[in-house]
């Protein structure tokens, strides 16, 4: 409800909130101060009446009987010296008035009745007077008590409270008006770095993403927002660069088989051919078609993975047994390349079986492409408390450090000379990374050139 009432702009909202909080604080302060002053005045009036009543009781104790009360009027008047708001009266036990000062106004009859306990007080509704009454013993005579009634005129106190309330209201209204002006200026000043940030952001374009926003002369939340915005620009720039490289590599990789297909078709049609020659052309074209098909399938898989559209059938797998199964698919290729594939260790992974096979298959295929003849490809399964690690190692020429960070990027190849190789699409390792991200795991590579290269997959104990 409050959000709907607040202005939409941040500047107006800050101004309104400052005004509202200031007005509420001033109002509460004014009420508290008014209450404190009122209580103070009530306390002072009660003290004056009680003190005067006590003094009157002391003096009446020396009076012989009620008939002597009117004769000592000067004494009773002296008790009010310095108490300009007080008046008093003395009654006998029959309720007859024996003495009263000039400003005394007769109270309700109950105050004139005899009292046996604590002093009685009263404040008639709508009147400014308040009363305190009590019985006082006399020295002798009959009756032996007299009734004292002390009157306090609160007219001056009420006038003071009204003037104070009026002054407080005027001051608070002026303070709110001044606060509104100051709040607007403070909001404008406080949001000036944000306006500069907005102006700079409006100038951004895809060609200027690499240029960070200027440093703001501020700290705190705006500084954090500036850093977050610059970090976002950096990520966007990196994404645009990768997208540009991806588009370039994709165009180049698709152009090669299309060029081959076109060239073969043109050569085949340049003159009459025998059936065997046409068969050779068609078989060669099929290889290029298959390469294009694999590339498109890999790209579709990555697109589905990036958009989280693939459904994972997560279950517990025997990592070593599944690795043996995948390695069996590559035994014929390994025999042709004179390479052995060995599976070691034991571990359990929480993964989608098909995707686990595909990730491991891509790593084994990659290792076969680089393993020297007569060498061994080792698949190692290791179990830890928080994760299971599956690694594929070969003893090929290895990967230099500058290439390791980018080896899992799409279409990235360490050896440009192999760029047009028909052995792969350049998306195998990118697919591996996508599969691991979908499982909440990680992948990486450790390589010592010309000694050993190990690609590893780390599956968390509880898959995402």
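Just so it is clear, glycine is given a Cβ too, placed from its N, Cα and C backbone atoms.
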* Asked: Out of 14-34, 35-55, which range is noted as transmembrane segment by Swiss-Prot?
  -> 14-34
* Structure fact -> When Swiss-Prot is consulted, the range among 146-166, 167-187, 188-208 described as transmembrane segment turns out to be 167-187
* Mind checking how the topological domain 'Cytoplasmic' (35-166) divides into helix, strand and coil residues in DSSP? -> 54 helix, 31 strand, 47 coil
